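Enquirer: One structure coming up, written as structure tokens, with questions to follow.
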Amino acid sequence: ESLHSSIGLLGISAGSLLLAVHFYSSPRAAPLIPSTALGVLLLILSALLAYTGIRRSLRNASLFLSLCLTISVFWCGYGVVFILGGQGVLNDTGDFRNALVPGLVTFTLALLILAVVGFLCREVVLAMIASAVSLASAHEVAMHYSTAFGSSAVACNYMIVCLVGGYFALGRILYFLTKEKIALPGTDLAQKKTHEQIQSTSGSTNHFAVTGLILNMLSASVFGCRLLGVTSKLFIGQVPWLWAAGIYQIGICILSYRAMDVLMATFFGFTSILKFAGGYCLLYPVWQFLVVFSILFVVLALFLTLNCPLDGLYLLFYVAYCIALACRPKGFFEDGPQGVDVAIFVASALMTLIHLYNVKASAKIPTGKGAVKAFLARSSFLKLREGADLHTPYLGYSKYADAEVLGYACSVLASFAITVTGDPQAPLATVVIPWVVVAGGILKLLGGSVAFARGKTLESSAFILYAVMWIIWGFARYGGLYGTTRSFHAAVGIIAFMLFNGFIVFCTLFLNIAWFFYSLTFLLIAVSFLLEAIHALPAGYDIAATVIFGLVSFYCFLSALFNSVFEGSCLPMGRPIVQLSGVGGGMTKCLHLPARKASSVKRIADILKNGGTCGIPTDTVYVLVAACNRPDAVEKAHHSKRQAQDRPMSLWISSLKQLEPAKHLFTPLLWDFMEAAWPSPISLVVPRGEWVDFLGMKDSAKYVGTPQSIAIRIPDCSVTTHLIDLVGPIVVTSANPTGEADTTHHNQVYAKLGDKVDAVLCDGPSPENIASTVVDCTKIDSGNIGFFRVGIIPKSQVLQILEQVQKK
């Protein structure tokens, strides 16, 4: 905890020291730090701050996260502007001022909001840093417009940040040197951590939304400042702010999926596209806006209103923005869209304050979150999805929410963008790059990656394949490679994609109807690419293929939204077209329960007590288990796995106390060795004896071990031992058919054993890919042990344990 906080605050102090030196020396003819060098250093520090903010966020919510990410994006855009200045790009009078001011205005207000909330919530150190950087930005804005303000005032504010950072560093050093006896006020992170963890358990909140809203302020400020006369023109110098905001917004989109907030993650994905489009519009003043984007925003606003009316109202500003962009021929350069930008800036600032205060403070500002839920509770037709399992995938658990909504929306945007005809005199960047490459490519790759993380192998493969197709096609057309001289090469590549997609179409026969039509209509678009490459495209075919694919994608978009917000299938994706025995055969029989929940472990225990067999995680690989007092279950496990006689099933207990009544039946050396070796991934093969009867195995005994010996173990896994505490001793075998590789993921248990098991306790990837070490202890009293299998624990470690026991 202290590592990331210390690196973050000292990183801010280091950057502030650089800027203080820069502004103290700026009146001189030659500044101490050249602009290019300062820009590069700020970029390095911004990357460091982004890393520390995200790493800290994985543990608890904090104002620290918002401060680090906000200053990170500030210095990212700031650093690039300094590099442009140092390289002579900003040569005209007032260019440097026009480039810097939109960002400075945004972060003056954003950091002031962070400072106010910090003081209200008694985060004094963070609040002082935020307020000092905010004042420095405000002084810098004033310095650019009035000679009465010198650069020394800016430098003084940055020196305050350095002093606060020095105080924090001194506090941490004293804390460690005095072994936690002396803690300066505001530097005791252990106390903060406890307070934040109590707050974070109160409900699931997207703590990254604050940074996303600040990024919306940044992009709106670039165009709003032009309308209000704060800046005199729109030009390349403001592109760093827009693109920095776009890149960070994609990051916030991914982190919002990690925070299980599907709707806000989709919204941030949409706004990142607008930011990239705005940047390209400043580079190439050729404007093409997709009207369908406005429709997607309207639909998203309606669904977001159901979750939080205030967020839905905020999205209406973006609906108005898209309409204004679509209606004006010059887009971002017109007064209408710029006026909406000013409104978005103000609305984003207010939303930032509300979200940040509600995350940190105990008393909340009302957002109407429960009003819609209470209203829909009376409806029998629509019922909101809620509860702990809201985002749990069918196969176990995932760290991310479902990103299919964004994937389908990107398909809609990219499909309609490809119908735009190119002008040979003007670059296609403003059409192809934002709508096809960014939306259809990069964001679709994001959706495919998240789908893969959720166990959706086929869907993720399709999303990634289509994303690659959009990116290659986009860059080829944009780069002028998609012309007559290369038509044969383009055709060969498109045919290869069509073959891949043909395989996906075949697989979707076993998935559902909607996905079958989704993949099939993409094949129609690939055919239109092919026909265009060989100059045989019939008139109107590409438009028809695009419209069909766009409509199918829009239906999938609506269906995914409905399924993520409401219970039931208001807009179903349909059943599989082809159903074969063995394909998805266990979908209604085999439960998949997340191992991180005690209720799931209790449910697995009930299944085992009732004679079921289950796949569970351990300290090594996944195993198939049955209660040893249920001979029917043990026999079922034996047959479902096609157990070979030379690989007998083993016995697991949770504590040696379960063997305590039979202690007199074990030799003292063997008992001490078991006590020293467990819990661990070491299985001990011990002589079979009367002690087996003390465990209540009854008729199960014939399936466990050999007539002479039994392998027994206490696993070093809290989930497994807790399950054994609830059920009693269990019979264990590897969760794969005999002769196949070990199972290292809950998806593999399902794939290999299917409906032969009653449930799978899901814990994602195994901590190890190697099975346990099996030690032969049948002749331990003579001082010798053997090894049936050397697994994760090496021979030397086992022999060392034996030597220590013998000495004892």
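Just so it is clear, glycine is given a Cβ too, placed from its N, Cα and C backbone atoms.
TrEMBL annotations: computationally assigned, not manually curated.
Keep in mind that this is a model prediction, so the values were computed, not measured.
Quick paste from TrEMBL:
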- 31-51: transmembrane segment (TRANSMEM)
- 63-84: transmembrane segment (TRANSMEM)
- 96-117: transmembrane segment (TRANSMEM)
- 148-170: transmembrane segment (TRANSMEM)
- 208-229: transmembrane segment (TRANSMEM)
- 235-255: transmembrane segment (TRANSMEM)
- 286-306: transmembrane segment (TRANSMEM)
- 313-333: transmembrane segment (TRANSMEM)
- 428-446: transmembrane segment (TRANSMEM)
- 488-511: transmembrane segment (TRANSMEM)
- 516-537: transmembrane segment (TRANSMEM)
- 543-566: transmembrane segment (TRANSMEM)
- 598-793: domain 'YrdC-like' (DOMAIN)
Enquirer: Output the single range from 63-84, 208-229, 235-255, 516-537 maximising the number of Cβ pairs under 8 Å to the transmembrane segment (31-51).
Expert: 63-84
Enquirer: Check for me, if you would, whether the transmembrane segment (208-229) reaches the transmembrane segment (63-84) - at least 3 Cβ pairs under 8 Å, residues 6 or more apart in sequence.
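Expert: Contact criterion met.
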Enquirer: Compute the average pLDDT of the predicted model within the domain 'YrdC-like' (598-793).
Expert: 85
Enquirer: Who are the long-range neighbours of the transmembrane segment (516-537) in its own chain, taking Cβ under 8 Å and residues 6 or more past its ends?
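Expert: Hits for the transmembrane segment (516-537): 411, 415, 418, 462, 466, 469, 473, 482, 484, 487-488, 490-491, 494-495, 497-498, 501-502, 504-505, 508-509, 545-546, 548-549, 552-553, 556, 577.
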